[in-house]
Amino acid sequence: MTTSKPQTSKPQTSKSQGKSERKSVHRFQQKILAIRTWYSVHTEDYDDGSWRPLKRVVVVAVVFAVLMGLFMGVSRATSIDWTNGPRDQIISSTGSDTSVTFGMRDAAQSSSDASAQEGRGAQTSQSSQSAQSSQVSEQSAQSAQSAQQSLPRRGTYAVKEIHDTIDIVQDGTGEVQKDNVILRIPENPENVGEKGTSVGSESISGSRELSSQASASSGSASPTSSSSTSSSSTSASQPHSGMPAAIFVHGAGTGNADDSFNDVAADLASAGFATLVMDKPRWKTWDATRDYPSSAKAYLKGVQYLRDLSYVNDEKVGIFTTSEGTWISPYMVREDKRIAFQVMMSPMVFSPRHSLAFSVAQIFAIVGANQGYQNFVQRIFSLDLGMFGITNIDFESQIPQGYNVPILVAYGAKDVLTAQVSGAQRILELAHSVGNWDVTVRTYPIGNHVLRLGDQTQAKTLYVDHYEYDFVDWAVGVTRDEYASGALVQTSSKISGADVQQPIAVPQFLQSHRALTIYFVLLHAFMLLWILVTLILGLYALGRKLYLRRLAKKTGEPVRHVFGFQGRYQRTLLRLVFVTLLALLIFVAGVGQLIWRVVNLIWGAAPPEPGVTYWSWYAIQVVCILVVLTWALMAAAAFESLSVRLARAHAVGETRTLAQRKKMPPLLASERFGIVFFNVAIEMMFSVLLVFAYWGLFIY
């Protein structure tokens with residue numbers, strides 16, 4: 001009895017469960033059947049071929065989903081993964097003082113000798129040991145100060161200019177450019193060797209203030225000054241072997257000798273250097289097609305020009321380079337093993353593609369551009385510009401052999417064009433890879449890309465802080481004979497100035513995509529073509545309408561239609577064209593304002609509040625949705641008109657002969673011009689939306 005109960009209860013339970021499941025499935029099937037029946041009834045056409053409301057909604061939804069899926073797919077396919085990390089990198093300096101100082105190595109040695117002397121005092125009293133130590137320390141400090149004061153500084157010599165020309169040749173083409181050059185030298189170059197070429201001479205001011213006063217009193221700020229400075233020394237401990245020299249390498253633009261580097265070239269010349277400023281080697285190139293290797297050889301011809309001067313030391317010719325020029329100077333150092341030093345102001349370091357991509361991305365963020373506009377960067381800098389003859393976009397600038405000399409790197413904290421943290425780190429890596437540890441970094445808190453103050457669109461903007469003194473002091477120190485022998489050493493910190501923050505990383509992952517470039521060119525070319533054709537047809541339609549009205553007034557006949565659209569096609573199409581072109585104008589306005597703000601920010605202006613560059617993106621996205629929705633409504637209306645036409649034709653049986661088909665009312669327009677304009681307008685709007693999709697406007 002006890003064993004029979006569980007045997008009878010289990011089958012009953014399983015049967016009841018199975019029956020319940022079958023009932024549930026049956027009810028579900030009935031619901032599905034009811035829904036299908038309801039759907040079939042409410043989507044069935046009326047007898048005249050017109051649609052029920054539900055069918056219109058379904059068709060509109062399907063067309064809208066297909067079009068949105070297409071445009072969103074294009075936006076996703078043309079996007080490039082963007083990695084901004086690591087973020088917020090920082091250069092932490094050892095102090096805010098940017099001055100560059102030098103001292104004799106024996107001063108440091110004297111300090112260590114004093115310590116050793118204190119330990120040998122077994123036969124000397126403690127008081128005499130202390131006196132000797134104090135005396136040695138005082139002598140060491142005086143020796144270091146004397147060494148620094150004995151070096152020439154900015155304003156030590158009066159400066160004169162010499163104008164000349166040289167011929168520079170472009171490799172490959174053989175094209176010759178007659179280059180104007182300006183040589184700036186001290187007033188009496190033969191006496192420079194008697195004024196501070198060797199450490200130990202006296203009477204040279206060691207403070208920036210006194211040096212500045214001497215410069216002002218002697219007139220050395222003017223390169224044409226003829227008076228000799230009152231702050232120069234009159235004797236030397238050793239005969240000179242020629243003055244040091246420097247050639248100045250231009251940044252971006254079309255710099256000429258007479259409007260570039262006037263102040264810094266005069267600064268360096270007033271410290272006992274021969275400085276040469278050339279016209280920028282351009283030949284027939286423009287900003288995007290500069291010939292960097294040929295430019296390096298052209299500047300090296302300027303180096304040889306300096307070496308040919310009897311009063312220049314062949315082994316002490318260096319380079320002052322800025323911005324774009326820092327892509328050229330490493331090739332000069334690699335080719336000419338006798339280059340003595342390199343001053344790099346706002347160096348770009350990385351390839352043009354990666355440097356410019358970083359610059360644009362950072363600037364877009366600073367000016368408050370919408371994130372959508374910021375995503376333009378990866379699309380623009382992934383284009384294969386080599387297809388258009390711009391081959392230097394991937395120019396290899398990171399050559400270790402170009403960093404095998406003493407280097408001074410100077411950045412401004414307001415510089416929005418360079419990656420200061422990554423750039424300084426990379427320069428140190430390249431220099432260390434060839435055994436060069438003589439790299440000095442200076443960062444200035446309010447300096448822009450050219451280390452000047454404020455907006456450079458204003459005339460006579462000044463260099464920041466004490467930059468002119470700092471780079472001159474550094475160049476003077478590293479070109480001393482004692483520095484080369486190791487007797488003179490840099491006593492100031494290698495890295496000092498302002499702490500500089502870099503918000504994003506340099507996008508070194510970017511590379512050219514040829515297929516994307518071809519699509520980009522064809523897409524934008526077809527868009528412009530269709531817009532042009534649409535405008536021409538629109539003007540023709542307007543002129544024809546005016547003509548037909550005038551003709552109707554003369555003849556008294558009804559005015560003929562220009563397009564002959566059926567129903568509301570004409571009104572809907574014209575609205576679509578207007579809204580689409582309006583969205584394109586808003587897009588162009590947003591990009592235009594963005595470019596204007598970028599240019600102003602580069603020149604040092606403060607970024608304004610976000611305007612069209614922010615809200616226009618969302619406005620265009622909304623317009624795109626409305627345009628696609630209107631397209632779907634118009635497509636549904638066209639399909640319904642076709643359905644009505646087919647139903648009517650089937651009812652009267654008039655589809656068998658051409659003559660009978662001509663008797664039926666037109667589906668779209670009664671005029672051929674209307675049909676042509678409709679197709680052209682649709683192509684134009686479709687191409688505009690594809691362009692919007694390319695730039696990511698369909699990524700929500």
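Cβ atoms here come from the backbone N, Cα and C positions, even for glycine.
Automatic prediction, not curation, is the source of TrEMBL annotations.
Look at TrEMBL and you will find 1-17 tagged as compositional bias 'Polar residues'. Here TrEMBL flags 1-25, 107-154, 180-249 as region 'Disordered'. Sequence annotations record features per position, and here TrEMBL assigns transmembrane segment to 57-74, 518-543, 573-596, 616-639, 673-697. Taken from TrEMBL, the feature compositional bias 'Low complexity' covers 107-150, 200-242. Annotated domain 'BAAT/Acyl-CoA thioester hydrolase C-terminal' per TrEMBL: 301-452, in sequence order.
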> Can you name the far-off residues of the same chain, 6+ from the ends of the transmembrane segment (673-697), with a Cβ under 8 Å from a Cβ of it?
Replying inline: 71-72, 74-75, 78-79, 372, 375-376, 379, 519-520, 523-524, 526-527, 530-531, 533-534, 537-538, 541, 544, 561-565, 569-570, 573, 576-577, 580-581, 583-584, 587, 617, 620-621, 624, 627-628, 631
> Which residues of the same chain, at least 6 past either end of the transmembrane segment (57-74), have a Cβ under 8 Å from a Cβ in it?
Replying inline: 43, 51, 624-625, 628-629, 631-633, 635-636, 639, 689-690, 692-694, 698-699
>> Below 8 angstroms Cβ to Cβ, which residues of this chain, lying six or more residues outside the transmembrane segment (573-596), approach it?
In response: 364, 367, 369-370, 373, 531, 534, 565, 611-613, 616-617, 619-620, 623-624, 626-627, 630-631, 634, 678, 681, 684-685, 688-689, 692, 697
>> Averaged over the domain 'BAAT/Acyl-CoA thioester hydrolase C-terminal' (301-452), what pLDDT does the predicted model reach?
In response: 91
